[in-house]
Amino acid sequence: PLLFFLLFFFLPLLLFLFAQDVCSLGACYPPSGDLLLGRSQRLQASSTCGLMGSEVYCTPYQQRRMKCCPCDSRNPDSQLAHTVQDVLSTAGPDRWWQSRKGVSPVTLQLDLGNLFQLDNLVLSFKGPRPSALVIEKTEDGGRTWQPAVYMATDCHRAFPGVSTTTPLTLDQTYCYTLPPTGGNPYQDHTVWKTHTTEEKKTNNRILSKENVPRLPGRALSQFYALKEMRVMGRCMCHGHAHRCLPETHNNLASNGIQVNPQCDCQHNTAGVNCERCADLYNDLPWRPAEEDHTHTCKRCECNNHAQRCRFDPVVFEASGRTSGGVCENCMHHTTGPKCDRCAAGYQPNPRSPPVIVAGCVCSADGTVNGSGCEDVTGSCRCKANVDGPRCERCKSGFYGLNGADPLGCSKCSCSPDGSLSDVCDPVTGQCLCRPHFHGRTCNTCAKGFWKPIGSTHCKACGCDATNSLSDACDQSSGQCQCRPGFGGRTCAGCADGAFGDPLIGCQLCRCNLEGTIPEVCDKLTGACQCRPGVTGTRCDSCGRERCSSFPDCPSCPSCFFTLDAQMQNLSSVLNGLSVGFPAPPGGSGDPGNFGPRIHALESSLNRIRNSIHLPPDTLNVLMSLSGTFNTIKDAYKESKDAANKVDATKDTVQQSADVREDALNLRNQVQLPNIRDLNKLNHSMASGPNLTPVAKQVCGSLRSEPCTPLQCDGGDFCPPEGTPPCEKGKKCIGALPLSKWAMTDAQDVKERLDRLTQKIREADRTNQVRDSAGKLNNRVKKARHELEGDLTDTRNVVKELKDFLSGRIHQHQCIEGSLAIFQYF
């Protein structure tokens with residue numbers, strides 16, 4: 001019993017070790033399994049009974065009777081349901097799929113989704129079996145179908161012209177002859193189709209070609225029913241794998257799958273179906289394995305300077321069909337189809353191969369056409385704007401060494417107004433700015449300064465510290481950002497639409513906004529500032545030469561200007577007449593008081609008009625002139641009233657001016673020292689410290705603009721989150737990217753070491769199993785020797801017993817000895 005137990009325990013281990021080595025002898029294949037298990041949702045039927053409601057089916061029962069049963073598949077879990085998922089081997093007893101009555105042909109379609117190798121097809125029919133079937137395949141998602149195998153009881157009648165001989169290639173089809181159904185077509189039948197050749201299918205369907213047979217004299221139902229369907233196969237590995245890998249991700253849809261599509265590829269192959277060579281094993285063309293040849297993919301000779309290669313048929317033929325691998329993405333500054341040459345500007349290090357070091361000290365970006373050293377002199381040929389013994393820096397007045405630039409460097413573009421010279425930083429192009437200028441080319445004023453048009457210097461914004469939101473202003477106009485209620489360029493005055501002293505209180509302009517300019521009124525006096533064509537103290541009427549259509553005030557027609565010229569001529573004449581008039585009665589009154597004189601002129605005019613008969617036109621002109629005099633008189637009266645009001649406010653204005661002057665003196669005493677200190681601080685912070693070089697060294701920043709405490713405009717200071725890490729083989733700048741790259745490289749090395757450790761552990765376990773198997777073999781041999789000795793003793797005892805029984809002398813002692821021997825045995 002111990003011997004059988006040890007054999008039972010170690011036999012699976014011995015079989016496992018044999019499976020590991022079987023792929024080294026030739027083609028190896030995974031074990032076969034049921035492809036339907038876990039893929040029930042990919043199985044479809046063109047017809048299923050009871051999906052729309054209950055249906056009754058009648059079949060023969062015994063000899064002369066008939067049995068009728070319902071089918072209701074609206075609830076797939078019901079005992080009366082017969083869906084296509086019931087054909088799985090795991091569906092349980094008394095479960096089967098059934099088609100609708102009288103429907104023919106009927107199709108069962110299975111979409112495997114991947115490439116598999118089919119071995120056997122088992123169809124267990126419950127009741128009528130179709131006399132002809134076709135198994136079709138598609139490899140384009142069902143757009144086109146090709147027959148794979150025909151099956152029929154009578155192939156020549158069902159499929160005329162189709163051969164019944166098993167084909168030698170996968171592209172040929174044939175008809176497989178089914179056994180006859182016998183006298184009762186409703187009895188259960190099983191179709192077992194074994195494929196003797198490899199058939200690659202991704203989508204299959206079974207199509208019944210003939211109707212269910214009828215039995216005479218009975219009204220039986222015509223339908224198809226299938227108790228079980230098994231599609232036995234394995235993952236398609238082209239002979240390069242002995243097992244299919246299980247799913248590694250948690251996919252609910254893949255639960256229960258018995259055969260997965262991913263192969264555990266051997267022979268240095270890769271891919272889901274081992275359909276290609278691994279990345280670094282393309283020195284020979286890929287081929288499927290054969291029974292006596294593995295066709296193992298061969299490693300490319302890349303001298304440990306590449307991690308992948310490709311197969312080139314031209315190189316393969318040129319080498320006499322011995323090597324066709326071309327290395328890709330050569331590392332360590334190597335190049336060539338086998339990474340066996342140094343890249344331009346590099347030479348091999350004879351002391352420590354295969355490490356490659358820079359053999360030429362010339363800068364590839366600064367030399368002509370990226371060339372190396374001169375063959376004879378060893379000197380470097382610099383581009384036009386490049387300087388230095390190794391062509392490693394830009395000339396004075398140039399910046400930005402770039403290999404793609406045919407001149408090597410770009411000319412500094414420093415602003416003549418804002419920079420101290422035309423020389424800039426040779427790396428970033430930053431110019432040396434004058435005080436209050438900033439930017440890479442020193443073309444803009446610093447915060448708190450602005451540059452008037454035509455000026456070459458930046459002026460302080462001078463924003464009122466109390467009335468403005470900040471000390472910054474517009475770069476071109478110098479306008480400060482004022483707080484509500486304040487206005488002017490420096491926010492020291494009242495806001496637009498108000499006048500007066502903001503320290504005392506601003507007053508709203510008493511003007512018509514439709515007739516004024518945006519400033520509305522004068523900030524000091526409050527006088528309304530009318531727009532062209534508008535007049536009046538409040539800018540609420542149209543001016544001379546404008547039609548009275550406020551606020552538009554369009555220009556008058558041309559006839560107005562003719563009449564206006566005539567009126568001005570008459571005014572000149574009247575002025576001349578008024579000089580000769582005597583002084584008004586009452587003595588020498590106010591010479592500016594023209595009221596009495598105007599009345600006197602009116603009386604004289606009436607007398608003249610009564611004594612002289614003027615033409616009607618002249619009379620009308622005089623009447624119009626009289627109206628003009630009345631207007632002048634009214635305007636004079638309003639002007640005099642306004643002058644009186646102004647005289648009354650002279651004392652108040654003088655007091656306000658005195659208060660304003662005291663406030664300004666006080667502000668100058670306190671503010672001017674503060675302004676000088678702020679200007680010194682801004683000047684010192686405008687040029688340093690510059691954090692841009694530190695950012696390049698720490699986090700690999702691509703920023704070229706300087707970053708000082710006063711000004712740090714531009715893009716991100718460091719690369720933002722989500723920036724791809726530095727890739728292998730590329731130049732990394734900055735401590736942070738280098739550390740991340742080193743961390744990634746260390747993690748990669750750790751994972752490789754873990755895999756190597758796992759392989760070592762597996763090798764140790766294999767050695768332990770091999771030792772255990774050897775010990776078991778020795779014990780088996782020892783037991784065998786002992787058993788052979790016991791059998792020899794037994795044969796001798798039997799021979800002695802026979803001799804004893806056949807002899808003439810019967811001694812009692814011999815009989816007792818023989819019995820003792822048998823009892824012992």
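Using N, Cα and C of the backbone, Cβ positions are placed for all residues, glycine too.
Just so you know, TrEMBL annotations never went through curation; they're auto-generated.
Marked as signal peptide by TrEMBL: 1-19.
Here TrEMBL flags 24-262 as domain 'Laminin N-terminal'.
Look at the domain 'Laminin EGF-like' (360-411): DSSP puts its residues at 3 helix, 10 strand, 39 coil. Taken from TrEMBL, the feature domain 'Laminin EGF-like' covers 360-411 (among others).
Per TrEMBL, disulfide bond is recorded for Cys382-Cys391 (among others). Within the same chain, the residues at least 6 positions away from Cys382 (disulfide bond) whose Cβ sits under 8 Å from its Cβ are Gly366, Thr367, Val368, Gly388, Cys391, Gly408, listed in sequence order.
Here the domain 'Laminin EGF-like' (412-460) has a mean pLDDT of 91 out of 100. Residues or ranges marked as domain 'Laminin EGF-like' in TrEMBL: 412-460 (among others).
Sequence-distant neighbours of Cys412 (disulfide bond) (same chain, six or more apart, CB under 8 Å from its CB) are Gly397, Phe398, Tyr399, Asp422, Val423, Cys424, Gly429, Cys431, listed in sequence order. Look at TrEMBL and you will find Cys412-Cys424 (among others) tagged as disulfide bond.
In this view, Cys414 (disulfide bond) is surrounded by 23 other Cβ atoms within 10 Å of its Cβ, with every protein chain counted. Per TrEMBL, the feature disulfide bond maps to Cys414-Cys431 (among others).
The number of other CB atoms found within 10 A of the CB of Cys433 (disulfide bond), across every protein chain shown, is 24. As annotated by TrEMBL, disulfide bond applies to Cys433-Cys442 (among others).
Sequence annotations record features per position, and here TrEMBL assigns domain 'Laminin EGF-like' to 461-508 (among others).
Taken from TrEMBL, the feature disulfide bond covers Cys461-Cys473 (among others). When secondary structure is read from DSSP and collapsed to three states, Cys461 (disulfide bond) falls in the coil class.
Within 10 Å of the C-beta of Cys463 (disulfide bond) there are 23 other C-beta atoms, taking all protein chains into account. Here TrEMBL flags Cys463-Cys480 (among others) as disulfide bond.
Close to Cys491 (disulfide bond) in the fold, though at least 6 residues off in sequence, lie Cys463, Asp464, Asn467, Ser468, Cys480, Gln481, Cys482, Arg483, each with a CB less than 8 Å from its CB. Among the features that TrEMBL reports, disulfide bond is placed at Cys482-Cys491 (among others).
For 509-558 (among others), the entry in TrEMBL reads domain 'Laminin EGF-like'.
Taking Cβ-Cβ distances under 8 Å and a sequence gap of 6 or more within the same chain, the neighbours of Cys521 (disulfide bond) are Gly497, Phe499, Cys509, Arg510, Cys511, Ala527, Cys528, Gln529. Secondary structure from DSSP puts Cys521 (disulfide bond) in a beta strand. Positions annotated as disulfide bond by TrEMBL: Cys509-Cys521 (among others).
Annotation source TrEMBL lists disulfide bond at Cys511-Cys528 (among others).
Following the DSSP three-state reduction, the secondary structure of Cys539 (disulfide bond) is coil. Per TrEMBL, disulfide bond is recorded for Cys530-Cys539 (among others).
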Closest of Cys433, Cys442, Cys461, Cys473, Cys556 to Cys530 (disulfide bond), Cα positions, disulfide-bonded residues only: Cys556
Spatial neighbours of Cys442 (disulfide bond) among the disulfide-bonded residues Cys414, Cys473, Cys539 [C-alpha, 10 Å]: Cys414
Where Cys473 (disulfide bond) falls in three-state DSSP terms: strand
Spatially closest candidate among Cys414, Cys433, Cys461, Cys539, the listed disulfide-bonded residues, to Cys556 (disulfide bond) (Cα to Cα): Cys539
Distance from Cys414 (disulfide bond) back to Cys433 (disulfide bond), taken between C-alpha atoms, in Å: 9
Distance from Cys473 (disulfide bond) back to Cys542 (disulfide bond), taken between C-alpha atoms, in Å: 38
Nearest-integer angstrom distance between the alpha carbons (Cα) of Cys539 (disulfide bond) and Cys461 (disulfide bond): 33
